[in-house]
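Per Swiss-Prot, the features are as follows:
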BINDING   158-193  FAD binding site
DOMAIN    51-155  domain 'FAD-binding FR-type'
TRANSMEM  14-30  transmembrane segment
Amino acid sequence: MLTHHLSKLATPKFLVPFAGATALSIGLALQYSTSNNYIANETGKTFTDSNEWVDLKLSKSIDLTHNTKHLVFKLKDENDVSGLITASCLLTKFVTPKGNNVIRPYTPVSDVNQSGEIDFVIKKYDGGKMSSHIFDLKEGETLSFKGPIVKWKWEPNQFKSIALIGGGTGITPLYQLLHQITSNPKDNTKVNLIYGNLTPEDILLKKEIDAIASKHKDQVKVHYFVDKADEKKWEGQIGFITKEFLQKELEKPGSDFKVFVCGPPGLYKAISGPKVSPTDQGELTGALKDLGFEKEHVFKF
């Protein structure tokens, strides 16, 4: 049943698109495919080789909304784990009828110990070549994957507290961190998640995020922002994530506090400034710079 499948997200086996389907993804994917941020080969893991594309078969496709699906792919062996760590992403690839490769990075939010299969929540974007291709896959068809690419290697209690600022499908690496921290009883890191979307219906993984926040009330805070909503029914924030809100919610800059940012270009511009490339964080600008944060205090996925 659909409810059963969604409930499994609470022990998150899920993957969702990395930072949205933007034109920037094309350049990023090409750079990722030749980068050195890969995990060395290990047995019992499906994704271990930076030079090997692995075809996985789609076993289940479940409609969640008009433009979002839950897809389940089988790993190479039923006893395999994915080989992913927090925080890392995979590349996906398909070949167009004209013979062109379409490659996009996707961020996993799956439990690193999950065996046998890997799940995605895919949001279809207008004009998005990869999201449209994946969205239209039929059960029994395959998709090519490669990786994992390590973005930030999380260690328990790296910081006393962190802030996760995201928008849209940029929630994926942030959720990955949130889940990893709260799944480890020895990790006491406090987490403040600030997540923006167009409407309440666009919020990915909301039930799973809310469940984590409810279970870890002394460790996790969550703030939702939407552009528009029925004010009589919506209990979150309406409007943009502002500098004034961040000034009120964030801790003062320091070595024990880290801010992680992931989202569409507009969010980066307003909050932190964009990355130059997958390996170049670029200069810190935007609201965080205005609030006194320095480059070393912020990580952009």
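Including glycine, each Cβ sits where the backbone N, Cα and C put it.
Predicted, not measured: the structure shown is a model, and the values here were computed from it.
Taking every protein chain shown into account, ALA163, LEU178, LEU193 are the binding-site residues, and of these the Cβ with the most other Cβ atoms within 10 Å belongs to LEU178.
According to its DSSP assignment, GLY168 (FAD binding site) is helical. Note: the domain 'FAD-binding FR-type' (51-155) comprises 7 helix, 55 strand, 43 coil (DSSP; helix = H, G, I, strand = E, B). For the domain 'FAD-binding FR-type' (51-155), the model's pLDDT averages out at 91.
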